[in-house]
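The coiled coil annotation in TrEMBL covers 108-242. The domain 'Autophagy-related protein 16' annotation in TrEMBL covers 31-218. Per TrEMBL, the feature region 'Disordered' maps to 259-292. Here TrEMBL flags 331-372, 375-416, 417-458, 553-584, 586-620 as repeat 'WD'.
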Amino acid sequence: MRFVGLTGCSAVLQGDMAGAGAQVESPWKRHVAEQLKQRDRVQRQAFEEIIHQYNRLLEKSDLQAVLSERLQTDHQNRHDLSPCADAGRSEALLQEMAQIRIRHQEELTELHKKRGELAQNVIELNNQMQLKDKEIQNSEAQMLQYQRRISELEEECRDLRNSLQDLERANQTLKDEYDALQITFSALEEKLRRTTEDNQELVSRWMAEKAQEANRLNAENEKDTRRRQAKLQKDLAEAAKEPLPIDQDDDIEVLQEDAAEPPGDTSPGRALSRTPSRRVSQPPPGGILDSISNIFGRRRSVSLSLDSTETETHSGVCSEVRLPTTALHTFDAHDGEVNAVCFSPGSRVLATGGMDRRVKLWEVVSGRCQLKGALTGSNAGITSIQFDSAGSFLLASSNDFASRIWTVDDYRLRHTLTGHSGKVLAARFLLDNARIVSGSYDRTLKLWDLRSKVCMKTVFAGSSCNDIVCTEQCVMSGHFDKKVRFWDIRAETIVRELELLGRVTSLDLNHDRTELLTCSRDDLVKIIDLRSNAVRQSFSAQGFKCGADWTRVTFSPDGCHVAAGSADGTLFVWNVLTGKLDRTLDKQHGSAINAVSWSPSGAYVVSVEKGSKAVLWSDI
């Protein structure tokens, strides 16, 4: 049998692969078949010559075997015929044949060796084929995994494309809605602008009409006054023409009235009262009218001085101030933050204002605060409150750009003063109780007349006004730009300015109105001497921190102490005479203290906080 080598194996494998390919047409199988064919071509070229030579040697070996048999047959025949003659020749042939056989045997051995090597190569190639088959199987498994992963990714891509399309549609819808809203907003903005202009025009017309009405009322009042004066002068003139008998009793009565007047009065009315009755009719009517006018004027001035004395007695300085040491009553004052607190002049009623848009009145009885009633009408949180000097009216400013006045007895809203374009942060009565001053976030101060209910003056301050105090002819305002401004009410101008180190949050005057107490966001409480216009004293303490732009501090009624609340809920009390800290009261408030008020009697101190609590303090 001839040696077919790798050619036969390749043919067999190709036949198997062809049969398998016929059954299942698959790309990877075609690829394997192509690879096997390529390997067959490469290896066949390497061993083709060896196989050819091996086949030739086999043919020669077969030929030699045939020739040897023939020679042996011939030699035997010849030996039988002539053994002697051919002996030498046969020996030569036998030797030659032996050499040929040896040479062929060597070639056959060499071929067998090559055959073994080729067989070993075939085994190794078979092992490699098995390894490649395993690799192919692993590759097929990985390909299946990759194909499944590709399918999953393609599905995810489709889902993402669908989501992207949905988002694009939603985005387009939102864009269309935004464009529509922008158009609507532009229209509303234009409408608001026109409405604002109309409102300003209406307010201007309303203010002009109110001013005209006030002028008409003033003119009518002046006419009525002149009419009454003319009638009075006429009556007095007629009375002066008629002689009136004056007996001794009348003269004594006049002297008694004059005795009540202060000494040293040298008015003509005093001399007239001591004149006998028979001389009364002698002076000309003009002198009598002047004397009576002087008497009426003097009596009016006396009554006014008595009224002012009574007012000062009613709200004057207390005889004794008690330093707070104990929390007598802690109560929930409002539903939310409490911004303002104030005692009435008689110290019996306490008012608090909060973010719940109410002003509540409390009666202080036996160290406890009992709710009397609530003042309603505000549309936003209360920022400051103040009683008038008689305690009959209460003034409150609020975040709805307005100030309001209630009567304390019946809780009725009497006046609503609007005109600011920002939050009204402070409002105060002037000393005559007929006018008020308000300061706003819109950087203006307004002077209001309560009789005509109109704004008399508007002053631009240049910065948001946080608090206001008033004297006879001066208004002091504390501002966001760290300045305290002093205004002359009559001239509508700034008399002077004083700049502090922080935003001014609170102002307060002592009882004789010679010292101004300030609190600012640099955590300092200062006393300014209004006579020298300089800072006389500064107070600070470890742990004291101003908690807000509207934190209110207060003088004691005698001006000897200062009380202020801190951001951590602690109440600090300083001694003005020594400049030292006298009291530190804590553990009652859970949040920053917004305002502190000292009762005019000096017996109580009230503090309110950013929470809803208020605390009544005393030394009891």
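Cβ atoms are placed via backbone N, Cα and C, with glycine included.
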TODO: Residue list, the repeat 'WD' (331-372) vs rest of chain: Cβ under 8 Å, 6 or more residues beyond ends.
DONE: 314-315, 378-387, 389-391, 394, 396, 398, 406, 408, 411, 550, 552, 594-601, 603-604, 606-614, 616, 618, 620
TODO: Determine which residues of the chain contact the repeat 'WD' (553-584) at the Cβ level, with the cut-off under 8 Å and only residues 6 or more beyond its ends counted.
DONE: 317-318, 321, 323-325, 506, 508-512, 515, 517, 519, 525, 527, 537, 539, 541, 543-547, 590-602, 605, 607, 609, 615, 617
- [ ] Report, as numbers and ranges, which residues of the same chain sit near the repeat 'WD' (417-458): CB under 8 Å and 6 or more residues beyond its ends.
- [x] 203, 207, 210-211, 214, 217, 380, 383-384, 386, 388-390, 393, 395-405, 464-472, 475, 477, 487, 489, 492, 550
Open item on the list: As a quick check of your reading of DSSP, tell me how many residues in the repeat 'WD' (417-458) are helical, how many are strand and how many are coil.
Closed with: 0 helix, 25 strand, 17 coil
Task: Structural state census, the repeat 'WD' (553-584) (DSSP three-state) - done: 0 helix, 16 strand, 16 coil
TODO: Over the span of the repeat 'WD' (375-416), count residues by DSSP class, listing helix, strand and coil in order.
DONE: 0 helix, 23 strand, 19 coil
Open item on the list: Looking at the domain 'Autophagy-related protein 16' (31-218) alone, can you tell me the average pLDDT?
Closed with: 84
